[in-house]
Amino acid sequence: MGRISRIFLVTALFGIGLILVGIAGILALFKPINFLAIHQWVSPLTLLFCSVILFILLRGIWLGLNHLSPKQLRINMIIVTGLLLLCQLWVATHFEVSERADLYYVREQAINLFQGHTKWLSYFYVYSNNVNAAIFLSWWNRLAHWIGLPIYGTSIYVAQFLWLDVGLACAAWMLKRVRGLAGSIIFLLLCLVSVPLYYYALYIYTDTVVFPTTLISLAIIMKLTSAKRWQPRLFWTILLGLIVTFATLVKMNFLILLIAIIIGLALTVWPSHANWQMKTLVIVVLVAIMGIGFRADGAIKTANHYQLDEHQVMPLIHWIDMSWNPEQFGNYSRADTAFLTRYPSKEQKVAIESNQLKTRIHKMGSKGVIKHLYRKTRLFLATGDFDIFRLYGPFQKAPTWYLSRQGTLNWVLAQWCQVLYLVMLFATLLFGLTALKRHQVNHPIAIVAVLFLIGMGIFHIFIWETEERYALPLLAVWLVSGTMGLTRPVTLSDHLEQPSWLRPGILIGCLLISAMCYDWDRPVFTTQLPYQRGVLSQTVGNYYKSYDITLKPGHSITQRFKVPLAFNVIKLGNNDESAKQMRFTVYNGAHKRLYQRNGQGQKIHFKKSLPAGSYQLTLTNRSKKPLLVSVGIGKFPLITHPLNGFKTTYLRFSAWESMKRTAVSRQLYTLLLGLFTLVGLALGWRLTRKK
């Protein structure tokens with residue numbers, strides 16, 4: 001490929017990446033997801049108003065940092081880093097999550113391996129993609145036990161934060177090279193206020209494990225492409241191969257990162273001006289390491305007594321077909337999965353899924369396909385909270401002030417995430433357009449990041465299942481590219497002479513826009529919507545496989561539980577039919593009977609909310625035949641107490657408080673909007689001062 005053709009291709013790829021960023025920005029501004037955790041958003045005008053103010057504020061901080069001496073910059077760097085570490089430590093020590101769905105099976109199997117049990121749960125023969133996650137977690141269990149730490153709780157949260165910080169440190173080092181220490185400070189400020197980083201650090205699953213590898217890989221690419229001798233080039237190539245291979249074995253969609261690295265290294269001009277022979281050698285080594293990694297992966301699984309059963313595992317076509325379910329947004333469909341598990345052989349599964357996929361696309365037609373792609377794109381790119389509020393069930397441990405205000409705080413945090421997301425997207429666009437204008441796109445790191453963005457978009461929008469959290473790896477890109485845009489060098493246009501009307505115009509405009517935001521956002525503090533605040537949840541047995549115990553006629557079982565907040569509804573895992581043949585009795589911690597009646601269904605509604613405290617729920621079989629009671633089984637505590645008479649069995653149920661409420665109070669909304677308005681006025685006054 002000629003030099004001109006290569007430059008044209010690189011520029012075209014960069015442009016496609018910017019178009020994708022622009023699409024994400026438009027969706028984030030006008031169409032954030034409103035049918036999952038957050039059902040009400042502030043108006044697009046409010047999002048834009050707050051995003052512009054935050055962008056100008058961060059830009060102003062960077063300009064201010066540039067006037068500091070190197071010693072003062074180092075002091076500011078230490079302060080910001082210290083604040084970030086303190087926030088991480090506080091979150092790790094004050095919160096503990098409850099596992100559900102995939103997280104439960106990964107943790108349960110990891111404990112089995114840690115205890116020397118070689119039998120694998122049937123879940124892993126269907127969802128083989130999580131086998132490595134269970135093996136790696138079992139290694140952590142062994143390490144923590146050897147050191148003398150608890151294998152779960154604060155210790156693993158701190159470990160995840162430390163692993164996250166390795167990635168953040170690599171990114172900060174990169175940005176220091178291109179934007180100075182002030183650029184690193186801005187990056188760490190973004191990380192400090194990036195809420196998803198804290199939520200995902202408590203999420204013991206593959207998403208958190210692979211997140212730092214993107215940042216680490218980009219930093220290694222900077223070292224690799226700058227090295228001029230073969231010894232450091234070989235070292236950085238091997239290290240890059242190991243990091244990307246590790247990430248791919250944990251989460252297979254990170255194979256996209258390897259492809260992006262190979263194409264990016266091949267197409268771009270390295271700072272060290274490596275020739276094509278050197279580039280070829282680097283690519284061959286990376287591919288060889290990946291191949292060795294896959295061979296080692298098979299050996300590790302065999303050593304842990306896992307053998308893939310092709311007839312049980314979900315075929316690849318299943319995930320593609322499920323993503324094209326017209327009744328979904330491309331996300332996971334339990335109905336599709338349950339339907340497929342009826343068929344015993346791989347051949348049957350593949351044939352059924354292939355036919356169903358063809359039928360679905362044919363029925364959609366061209367308009368339906370475009371509509372479905374739009375819905376998948378919206379789910380993947382439109383929301384800046386990356387689904388953090390649905391990662392796990394109610395917290396097993398959290399500050400009371402947080403739990404009692406969780407609904408309001410979640411809403412406020414979601415709006416903040418969206419504002420920060422828009423700032424990063426806008427800054428990324430600014431950086432990208434400037435780079436295009438100055439013909440500065442032919443850099444390995446920039447093209448690898450763009451190719452990773454394009455690859456993830458193509459994979460999850462056009463091919464695979466789509467979830468909000470699958471876009472989390474892109475947050476690493478947004479943080480770095482957003483910092484590059486925020487720290488764009490000052491141009492001549494920033495110093496143009498200002499007309500006399502500019503200051504009053506900006507101040508009056510800021511007040512008028514604020515008033516319009518308040519008027520347009522009235523529904524968020526005036527409209528009451530049904531709201532269910534989760535208080536306690538033990539849902540193991542609800543996902544993939546049901547667990548049941550038999551309750552004989554006239555016999556009872558009792559579940560003790562403790563709730564940190566008031567509740568007025570209990571929902572059992574049993575269906576309505578079996579629940580109607582039971583009698584439910586609720587006692588408080590002093591064994592005083594608070595409620596008793598024959599079951600009317602799976603839900604128990606209390607006339608008045610019961611306060612926080614300890615309770616007992618007794619189920620009695622009042623029929624003349626045995627009944628199955630839905631339970632969960634865990635070698636780790638699923639809730640505070642197992643069923644009476646059992647060691648590892650817990651009733652499947654949840655408790656919550658059902659109410660009607662506004663998304664936020666008028667007072668809090670006014671306070672937050674007023675704060676942004678005051679900052680906007682202060683910035684307007686400052687920016688329009690006479691030079």
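Keep in mind that glycine also has a Cβ here, set from the backbone N, Cα and C atoms.
As written in TrEMBL, here are the features:
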- 7-30: transmembrane segment (TRANSMEM)
- 42-65: transmembrane segment (TRANSMEM)
- 77-95: transmembrane segment (TRANSMEM)
- 149-174: transmembrane segment (TRANSMEM)
- 181-203: transmembrane segment (TRANSMEM)
- 209-226: transmembrane segment (TRANSMEM)
- 238-270: transmembrane segment (TRANSMEM)
- 276-294: transmembrane segment (TRANSMEM)
- 411-433: transmembrane segment (TRANSMEM)
- 445-463: transmembrane segment (TRANSMEM)
- 668-687: transmembrane segment (TRANSMEM)
Return the stretch with the most CB pairs under 8 A relative to the transmembrane segment (7-30), choosing among 42-65, 276-294, 445-463, 668-687.
445-463
For the transmembrane segment (149-174), sequence-distant contacts whose Cβ falls under 8 Å of one of its Cβ atoms, 6 or more beyond its ends:
84-85, 88-89, 91-93, 95-96, 107, 111, 114, 140-141, 184, 187-188, 191, 197, 201-202, 204, 208-209, 211-216, 218-220, 222, 445, 476, 479-480, 636
How about the transmembrane segment (209-226) and the transmembrane segment (411-433): at least 3 CB pairs under 8 Å, pairs 6 or more apart in sequence, or not?
no
State the non-local partners of the transmembrane segment (238-270) in its own chain: residues 6+ outside its ends, Cβ under 8 Å from one of its Cβ atoms.
6, 9-10, 13, 129, 132-133, 136, 206-207, 209-210, 213-214, 216-217, 220-221, 224-226, 279, 282-283, 285-290, 292-294, 297, 442-444, 447-449, 451-452, 455-456, 459-460, 464, 470, 473
Is it the case that the transmembrane segment (181-203) and the transmembrane segment (276-294) touch, counting contact as three or more CB pairs under 8 Å in which the residues of each pair are 6 or more positions apart?
no
Considering only Cβ pairs within less than 8 angstroms, which of the stretches 42-65, 276-294, 445-463 has the most against the transmembrane segment (411-433)?
42-65
Would you mind listing the long-range same-chain contacts of the transmembrane segment (276-294), meaning Cβ under 8 Å and 6+ residues beyond its ends?
224, 233-234, 237-238, 240-242, 244-246, 248-249, 258, 261-262, 265-266, 270
